[in-house]
Amino acid sequence: MSRLDRLFGVLAPLLAAVLWGGMYVVSKWGFGAIPPVTLGFLRVVLGAAVLVAVVKSTAATRSPTRTDWRRFVGLGALVTATIVTQFVGTDLTTASQGSLLTVATPVAALLLAAVVIDEQLTRAKATGVCLAIAGTVLVVVDNGLNGSLDPAGVLALLGAGVAWAAYTVWGKPLVARFSALETATYATVTATPMLAVLSAGELWLLGRSLSSLPTDPAVLAAVVYLGVFATAAAWYLWYKGLEYVDAGTVSVLFVAQPLVGTALGAALLGERVGPWFLVGGGLLLAAVVVVGRARA
């Protein structure tokens, strides 16, 4: 693998993580207009539409076998679990806490990659994830523990981190067989009906309907950001990294998300950030540098 390939394999998922950092601020604001599961459903519907359009216009599509489709449905189920727990958890916490607590992803992904697809747990990856954990603890102490942490929200967000780790690891063989674009597309498409059912249930419980949801420009802009950038673009970029580097390396780059999410939460939503955020953020950046400079 050339240095350029390695660099692209790091930068693609890193950009995805940055886009997800903004997602927490946008979604936290959006929950005031649209319930969390329904917002997640709209996000995925739009993301799926964009991905399908791109696949049809640019990719030399292959025909998945029945076994492949079962695997894509499995990825879709993991996407559904991630979206629901992620958005419900963020609704119960702050945007900063939401982005921070899903840092369980790199830890779970490193362990799953070692067990499921026999990836080597290198010193660089282990060092990177330890730095990420330490940095996250410091930022949580600085930001999250000064306010209230909802236990249900915390559990939901940790569950989201584990679900996304599984999506990352189990998606790698399909990325190798098809492509990052096709794998992200099929997984997103199969998640759509699952989220549709859950969204319908949420709206029924709340006594609302899709037609009752606001359609003012700000709400539509939030849905567009979540669907086009935080879903279609970010999910493709995340899997694109798997074409060049292993799942463990990609997963550690996830730590850029809490750094961006917390900074934007402070800047746009007035969420508190103190001195420990700077120390913890430095450790998170160090984790990215360690993993990014390591040899494939």
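From the backbone N, Cα and C atoms, a Cβ is placed for every residue, glycine too.
Here is what TrEMBL says about this protein:
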type     : residues : note
TRANSMEM : 7-27     : transmembrane segment
DOMAIN   : 8-140    : domain 'EamA'
TRANSMEM : 39-60    : transmembrane segment
TRANSMEM : 72-89    : transmembrane segment
TRANSMEM : 95-117   : transmembrane segment
TRANSMEM : 124-141  : transmembrane segment
TRANSMEM : 153-171  : transmembrane segment
DOMAIN   : 153-291  : domain 'EamA'
TRANSMEM : 183-206  : transmembrane segment
TRANSMEM : 218-238  : transmembrane segment
TRANSMEM : 250-270  : transmembrane segment
TRANSMEM : 276-294  : transmembrane segment
Highest-contact recorded stretch vs the transmembrane segment (276-294), from 7-27, 153-171, 183-206, 218-238, CB pairs under 8 Å: 7-27
Maximum Cβ pairs under 8 Å to the transmembrane segment (153-171) - stretch from the list 39-60, 72-89, 124-141: 72-89
Stretch of maximal Cβ-Cβ contact with the transmembrane segment (218-238) [cut-off: under 8 Å; candidates 7-27, 39-60, 72-89, 124-141, 183-206]: 39-60
The transmembrane segment (39-60) in contact with the transmembrane segment (183-206), cutoff 8 A, at least 3 CB pairs, sep 6+: yes
Three-state composition of the domain 'EamA' (8-140), taking helix and strand from DSSP: 111 helix, 0 strand, 22 coil
